[in-house]
Structure formats: structure tokens, C-alpha cells
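Some notes on the structure that comes next.
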Amino acid sequence: MDSAFLKLDAAEFLEIWQRFDADDNGYIEGKELDEFFCHLLKKLGANAITAEKVQRVKDRFMSAYDVTADGRLQIQELANMILPEDENFLLLFRRETPLDNSVEFMRIWRKYDEDSSGFISAVELRNFLQDLFLQHKKQITGDKLDEYTDTMMKLFNKNKDGRLDLNDLAKILALQENFLLQFKMDASSQDERKRDFETIFAHYDVSKTGALEGPEVDGFVKDMMELVKPSISGVDLDKFRQILLNHCDVNKDGKIQKSELALCLGLKPHP
């Protein structure tokens with residue numbers, strides 16, 4: 001990236017993000033994008049900034065950094081564009097493969113929601129970041145860890161209550177679209193519903209034990225409830241989880257067997 005941005009730190013990056021994501025929707029797009037590239041040209045010392053010049057620079061950078069090719073900048077894409085590598089703590093959240101399964105997401109959630117409050121506090125987020133640095137074999141001072149924790153809270157804690165909910169963490173980890181959205185159960189025949197059930201159960205039965213347990217139940221409940229209520233809280237999830245277990249866990253072993261879930265859904269699974 002050009003030298004004008006090489007001295008940026010996480011707090012300055014936050015300031016730029018909040019300035020140009022004016023509608024607070026998690027993207028810089030449309031008019032915001034034009035204003036950002038105009039600002040970029042000024043920072044680089046350009047003279048006589050014209051709409052054509054802004055468009056040229058925009059095309060150049062978007063082709064290099066707009067990984068999703070959706071014509072807008074996500075926070076990770078902007079970080080890659082303007083933060084020096086040693087300050088780009090958002091690189092920690094890059095994964096070799098996309099996070100496309102709510103089971104793995106819920107495993108992370110349960111690990112760091114240490115007090116089972118249904119939220120990730122600043123202290124719990126700090127522990128999460130510290131573990132990420134260790135996993136990436138990177139050294140970090142306590143002060144820097146505090147700065148990154150504070151920046152993450154300001155970036156993702158939209159209601160400013162000092163803690164992250166399920167949706168905030170889903171944004172941080174770039175959780176992919178709800179797996180259940182691809183299925184139209186109401187419009188299907190009985191055979192199609194049985195086939196879909198097999199696919200759905202296999203997706204959430206990550207451990208391949210023939211039963212959903214722990215984060216597998218959590219992931220299924222999260223996706224199922226978000227079909228009707230797009231933003232559920234950790235507290236809501238725990239309530240819905242207990243309702244599902246009360247209804248489906250016939251033998252009371254704390255798991256949902258494949259046959260138990262099929263019975264709940266009014267299906268007879270394939271043997």
C-alpha cells in the first residue's frame with residue numbers, strides 16, 4: 001500500500017472506517033466509496049482531483065482488494081488495503097477455508113462465553129484475541145492487546161453495551177449464509193423432505209456419531225431460529241435450545257438422535 005498509510009494504527013483505522021461507513025451497515029459502498037477514494041487521493045497528495053481520476057483509482061484498488069467482487073468494501077478488505085501488516089490484526093480472522101458451518105461457530109462461541117451469559121464481554125474478547133495471536137505464533141504486548149480489544153468492541157458492538165452478541169461475533173468471523181436457507185420444506189413432497197432431512201442432519205452431525213450434541217445442537221438451533229427471527233441473541237439461543245431438547249430428546253441423554261429429530265419433524269428417516 002502507498003506510503004501515506006504506512007503509519008496507520010488500529011485506532012486510526014477505526015476512525016477512517018467509522019467516517020466512511022456513514023450508514024453503519026458494515027460496508028463502504030456507493031457514495032461512501034467515492035468519498036473514500038477522494039480522501040485517499042488527497043492523502044496521497046494528488047492535485048486537481050476529478051471524478052475521472054477518482055474512478056480510475058477506485059477501479060485500480062477495487063480490482064485488487066474487493067475479494068468478494070460485490071462492488072463494496074468490507075472491513076477486512078479495507079484493512080488489507082490501508083493497514084500495514086504488523087498492525088492488521090484483522091488478518092487473524094482469515095481462515096484457510098470460509099466459516100460455513102454454524103457448528104464450528106458455536107464451538108467458538110461456547111468456548112469464549114466463559115460465564116455462559118449469552119454475551120462475549122471485553123475480557124472474554126481479549127482472551128479470544130490472545131489465543132488467536134498464540135495460534136498465529138505472534139508476540140503481542142498487553143497494551144497492544146488492550147488496544148485491539150477496544151478497537152474490536154468499537155467496530156462490532158453496534159449497540160454500544162460493551163459486549164458482543166451472537167450477531168457481532170458472526171460478523172467478526174464472517175460466518176457464511178445460513179445453511180438451511182437453501183431448503184424449502186413447506187413446498188416439498190414427503191420424499192424430498194426425507195432427502196433434505198438426510199442432507200441437513202449430515203451437515204450438523206459434524207462428529208458423525210448419528211446424534212447432535214453440544215455445539216452441533218447449538219448450530220442447528222441457531223440456523224433454524226434465524227429462519228424466522230434473523231437476529232437472535234445468545235440468551236434466546238439457550239432458551240430455544242432447551243425447548244428443542246425438551247421436545248426431541250426422548251431418552252434424555254442430552255443429545256438429539258437422528259431418529260428423535262426425524263420424529264420431531266414428522267419424518268421417518270432412511271435406515
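Cβ atoms here come from the backbone N, Cα and C positions, even for glycine.
Listed in Swiss-Prot:
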- 8-43: domain 'EF-hand 1' (DOMAIN)
- Asp21, Asp23, Asn25, Tyr27, Glu32: Ca(2+) 1 binding site (BINDING)
- 52-88: domain 'EF-hand 2' (DOMAIN)
- 100-135: domain 'EF-hand 3' (DOMAIN)
- Asp113, Asp115, Ser117, Glu124: Ca(2+) 2 binding site (BINDING)
- 144-179: domain 'EF-hand 4' (DOMAIN)
- Asn159, Asp161, Arg163, Asp168: Ca(2+) 3 binding site (BINDING)
- 192-227: domain 'EF-hand 5' (DOMAIN)
- Asp205, Ser207, Thr209, Glu216: Ca(2+) 4 binding site (BINDING)
- 235-271: domain 'EF-hand 6' (DOMAIN)
- Asp249, Asn251, Asp253, Lys255, Glu260: Ca(2+) 5 binding site (BINDING)
Which whole-number value in Å describes the distance between the Cα atoms of Asn159 (Ca(2+) 3 binding site) and Ser207 (Ca(2+) 4 binding site)? 36
Check: same-chain CB within 8 A of Ca(2+) 2 site center, minus Asp113, Asp115, Ser117, Glu124: Tyr112, Glu114, Ser116, Gly118, Phe119, Ile120, Ser121
Under 8 Å, at least 3 Cβ pairs, sequence separation 6 or more: does that hold for the domain 'EF-hand 1' (8-43) versus the domain 'EF-hand 6' (235-271)? no
By the 10 Å Cβ-neighbour count, the most surrounded of the binding-site residues Asp21, Asp161 is Asp21
Return one of helix, strand or coil for Tyr27 (Ca(2+) 1 binding site), based on DSSP. strand
I want the residues beyond Asp205, Ser207, Thr209, Glu216 whose C-beta is within 8 angstroms of the mean position of the Ca(2+) 4 site's C-beta atoms, in chain order. Tyr204, Val206, Lys208, Gly210, Ala211, Leu212, Glu213
Please report, as numbers and ranges, the same-chain residues at least 6 past the borders of the domain 'EF-hand 4' (144-179) whose CB is under 8 Å from any CB of it. 9-11, 13-14, 17-18, 24, 26, 74-76, 89, 93, 98-102, 105, 108-109, 117-122, 125-126, 129-130, 133, 200, 203, 222-223, 226-227, 231-234, 237
Look up Ser207 (Ca(2+) 4 binding site) in the DSSP assignment and report helix, strand or coil. coil
Between the C-alpha atoms of Arg163 (Ca(2+) 3 binding site) and Asp23 (Ca(2+) 1 binding site), the distance in angstrom, to the nearest integer, is 21
Just checking, which of Asp23, Glu124, Asp168, Asp205, Glu260 (binding-site residues) has the fewest C-beta atoms within 10 Å of its C-beta? Asp23
Restricted to the domain 'EF-hand 6' (235-271), the mean pLDDT of the model is 87
Looking only at the domain 'EF-hand 3' (100-135), what are its DSSP counts of helix, strand and coil residues? 25 helix, 2 strand, 9 coil
The domain 'EF-hand 5' (192-227): which same-chain residues, six or more beyond its ends, come within Cβ distance under 8 Å? 101-107, 109-110, 166, 178-181, 183, 185, 236-237, 240-241, 244-245, 254-258, 261-262, 265, 267-270
For Glu124 (Ca(2+) 2 binding site) and Asp21 (Ca(2+) 1 binding site), what Cα-Cα distance in Å is obtained after rounding to a whole number? 27
